[in-house]
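Please read the structure below before turning to the comments.
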Amino acid sequence: MQCNQDMDYYMSLCLAIISILFLIRQFTYPAAYGKHVVTGKKQTYFMVPAKYGWFIQELPSFLVPVVVILYRQQCSSLGCKMLSFMFCGHYFHRTFIYSAFTRGRPSPIRIVLMAVVFCTYNGFLQGHCMIYVATYPKDWCMDLRFLSGVLIFCLGMGINIHSDHILRKLRKPSEVAYKIPQGGMFNYVSGANYLGEIVEWFGYAVATWSLPGFAFAFFTLCCIGPRACHHHKFYLQSFKDYPPERKALIPFIF
């Protein structure tokens with residue numbers, strides 16, 4: 001595999017363009033999975049159980065960078081270590097832990113397949129950049145961008161995992177009705193789990209200071225930011241006692 005910085009640039013540019021298209025699409029119609037699956041109509045597409053769906057669609061984001069690392073046959077650079085502990089660490093949790101405990105609803109097969117394509121694309125982009133292109137000075141670990149980025153990443157990951165835990169505990173395994181989430185960042189925003197993931201990937205982008213990292217953070221914002229707004233609207237329409245002070249995504253603001 002050849003080191004090709006231009007390839008990373010154009011792949012990142014493509015990801016940014018896709019992000020804008022997703023933003024426009026998501027503000028109009030939320031992706032049809034979870035609470036936004038259309039009910040009351042005869043389903044003509046195959047539905048994948050949540051546990052299998054999340055495992056299948058998240059696996060490429062973990063597996064592809066690992067394959068890139070194994071192909072290089074060494075992981076001594078700082079870029080490789082950041083990729084391993086931050087990017088692969090997140091997706092190890094999403095693939096093997098989150099998917100095993102999720103109590104979400106089944107997802108349409110097309111949503112799962114689209115996610116597989118994206119996670120393969122992004123996993124290769126992040127892996128190739130951090131292994132073959134990114135270079136850092138010896139004192140990068142003491143740089144304010146690295147230190148603040150790692151701190152923001154850990155904060156976001158903590159919010160994301162804690163919020164997912166709160167959502168899982170809302171319903172017993174046999175229950176399907178939605179309830180108002182309480183506790184943690186859900187006291188301030190309806191999309192606390194989405195807020196955590198957005199913060200997490202902007203932290204990763206700052207720590208790596210890479211174009212693919214910022215392109216992925218921008219995609220995350222454009223993809224799940226509007227979904228948090230749709231969730232907020234769903235809660236307001238479904239529950240008359242929904243806390244009026246709670247915002248959609250950004251505490252006290254929006």
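Just so it is clear, glycine is given a Cβ too, placed from its N, Cα and C backbone atoms.
Annotated features, as they stand in TrEMBL:
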{"type": "TRANSMEM", "residues": "12-32", "note": "transmembrane segment"}
{"type": "TRANSMEM", "residues": "52-71", "note": "transmembrane segment"}
{"type": "TRANSMEM", "residues": "83-101", "note": "transmembrane segment"}
{"type": "DOMAIN", "residues": "106-254", "note": "domain '3-oxo-5-alpha-steroid 4-dehydrogenase C-terminal'"}
{"type": "TRANSMEM", "residues": "107-125", "note": "transmembrane segment"}
{"type": "TRANSMEM", "residues": "146-163", "note": "transmembrane segment"}
{"type": "TRANSMEM", "residues": "201-224", "note": "transmembrane segment"}
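For the domain '3-oxo-5-alpha-steroid 4-dehydrogenase C-terminal' (106-254), residue counts in helix, strand and coil come to 104 helix, 4 strand, 41 coil, using DSSP.
Here the transmembrane segment (83-101) has long-range neighbours at 50-52, 54-55, 58-59, 61-62, 65-66, 69, 75, 123, 126-127, 130-131, 150, 153, 157, 161, 164, 168, 200, 204, 207-208, meaning same-chain residues at least 6 beyond its ends whose C-beta is under 8 angstroms from one of its own.
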